[in-house]
Amino acid sequence: MKTTLKLSLLAIALTATSCFNKEKEPVKAEDITVSQEMVAELTSPPHVPTPIGRRKAKKLIVNMEILEQEGELTSGVRYNYWTFGGSVPGSFIRARVGDEIEFTLSNHPDNKLPHNIDLHAVTGPGGGAESSFVAPGHEKTFSFKTLNPGLFVYHCATAPVGMHIANGMYGLILVEPEGGLEPVDKEYYVMQGDFYTKGKNGERGLQPFDMQKAVDENADYVVFNGSVDGLTGDNAITAKVGETVRLFVGNGGPNLVSSFHVIGEIFDKVYVEGGDLINENIQTTLIPAGGAAIVEFRVDVPGSLVLVDHSIFRAFNKGALGILNVEGEEDKKIYSGEIREGIYLPEGPGIQNMPTTDEVVESEIPAKSFEEQMKFGKQIYMQNCFACHQSEGQGIPNAFPPLANSDYLNADVDRAISAVVNGLSGEITVNGEKYNSVMTRQMISSEEVANVLTYVYNSWGNSKKVVTKEMVDKVKGK
Ligand code: HEC
Ligand SMILES: [Cu+2]
């Protein structure tokens with residue numbers, strides 16, 4: 001009702017101005033002239049540049065540097081990212097309608113590949129891709145006028161395009177309308193992306209891109225802001241009770257569409273697909289790959305709001321989960337319950353927290369036979385040791401020593417028990433290879449240590465010892 005009334009008043013006002021004041025008709029974007037120039041402020045996620053407010057259209061200089069650099073996809077998992085400006089998603093660009101953007105794309109000399117940029121805000125061939133194709137150690141400049149307001153994706157469009165995007169080459173450019181967006185208290189930059197690694201989710205080490213999984217759209221990670229921790233822990237975003245929050249949400253893909261939802265909030269407004277259409281009172285908004293949306297809401301109660309892709313296994317098992325911490329006074333009228341932090345503990349192997357207490361719960365069902373010890377032991381192995389020592393105990397060269405046919409293991413049972421119950425660090429030699437790393441103490445019961453070591457000793461060519469709970473307790477007692 002209210003909106004309809006406002007709209008009709010607006011319509012009357014508009015008709016009135018256009019009848020009585022012909023000169024004040026809005027200028028078409030292509031006819032807006034620019035006089036001054038300024039260098040664009042670029043920001044890395046989750047930050048966005050200063051709002052444009054009432055500033056006039058200008059020649060806006062954007063200097064974007066492409067960097068290929070190693071980073072952490074999740075704890076222990078390294079990935080070779082390709083980035084616009086050193087972050088995934090790339091630097092946020094903020095412009096207004098009528099700006100003339102002079103865009104310089106430089107490809108760092110240490111990079112291995114040529115790249116380019118396709119900005120969905122460009123009216124022109126390839127969105128700029130054709131004019132910006134640039135080899136390592138070179139730079140290219142092109143310019144374009146921003147004709148349409150909205151929130152737009154940009155991405156690399158160099159073949160194989162999917163691979164460049166999958167490696168992190170995407171970001172957002174906001175083109176504000178004349179007069180700017182309405183001011184809000186907090187603005188943040190969030191962008192989803194799917195990742196494809198040779199190893200499974202959680203498998204450690206430097207993981208290469210897996211082309212086949214990407215073609216099959218079988219993502220190992222679906223994340224916000226480039227990594228599983230991209231928007232949690234120290235990277236969580238914040239607001240205070242009573243503040244209005246605006247999220248610029250993009251989806252780089254390359255493959256998956258996002259069912260973007262904030263657990264514990266309702267979007268007061270959604271700029272559908274990042275355009276002019278405003279929808280109100282929305283629970284979940286669909287963000288296509290290569291698309292974006294602006295969502296706005298007022299935070300009314302304190303607590304941790306959880307940003308997710310509501311294709312929910314992606315959130316809890318593949319990383320598509322972020323936190324907005326809201327501080328302030330409780331309002332029992334709006335929400336009466338006890339608000340606990342960390343209620344949505346991530347479950348996936350890639351995002352699971354290590355147990356933090358020192359207490360080890362003793363398992364209740366002791367193994368009754370060698371066969372049972374082997375069976376239970378294998379389960380523990382797959383849960384606790386597999387990620388580092390690998391399925392056949394083969395380990396990972398230069399990182400995790402083998403347990404298969406391990407001379408270190410077979411030489412001394414007490415030493416092996418101690419490695420599991422106390423942890424192990426410093427230089428050791430296993431089958432002639434040196435390792436100098438850290439294995440943290442394993443939070444499992446004596447019974448479980450006995451079972452897992454019995455399994456290890458009786459697999460993969462090891463010396464077939466049987467380890468008992470008593471042996472483990474003896475080592476613990478020392
Ligand atoms: C987070 C990775 C990680 C996990 C999980 C892990 N280990 Fe290790 N493990 C290591 C590293 C690293 C070393 C070498 C430490 C060093 O360099 O001093 C090691 C060394 C060992 C050794 C001695 C060296 C050898 O190859 O014989 C044994 C035995 C062992 N681990 C058993 C286990 C068992 C059993 C489990 C599961 C209950 C386990 N580890 C879980 C990383 C891990
Ligand atoms: Cu590229």
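Placement of Cβ uses the backbone N, Cα and C atoms for every residue, glycine included.
Since this is a predicted model, take the numbers as computed values, not measurements.
Feature list (source: TrEMBL):
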- H115, H120, H155, C156, H164, M169, H310: Cu cation binding site (BINDING)
- 372-460: domain 'Cytochrome c' (DOMAIN)
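Mapped onto this structure are the features recorded in TrEMBL.
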| residue | record | contacts (Cβ under 8 Å, 6+ apart) |
| --- | --- | --- |
| H115 | Cu cation binding site | I66, W82, L105, N107, F133, V134, C156, T158, H164, M169 |
| H120 | Cu cation binding site | G127, F152, V153, Y154, I173, G290 |
| H155 | Cu cation binding site | I117, D118, H164, I165, M169, Y170, G171, G252, G290 |
| H310 | Cu cation binding site | S259, F260, H261, T284 |
Contacting binding-site residues for ligand 2, chosen from H120, H155, H310 when the Cβ sits under 6 angstroms of any of its atoms: none
Per-state residue totals over the domain 'Cytochrome c' (372-460) - DSSP helix, strand, coil: 45 helix, 16 strand, 28 coil
Cβ neighbours of M169 (Cu cation binding site) where a neighbour is any other Cβ within 10 Å: 30
Binding-site residues (C156, H164), the one with most neighbouring Cβ atoms at 10 Å: C156
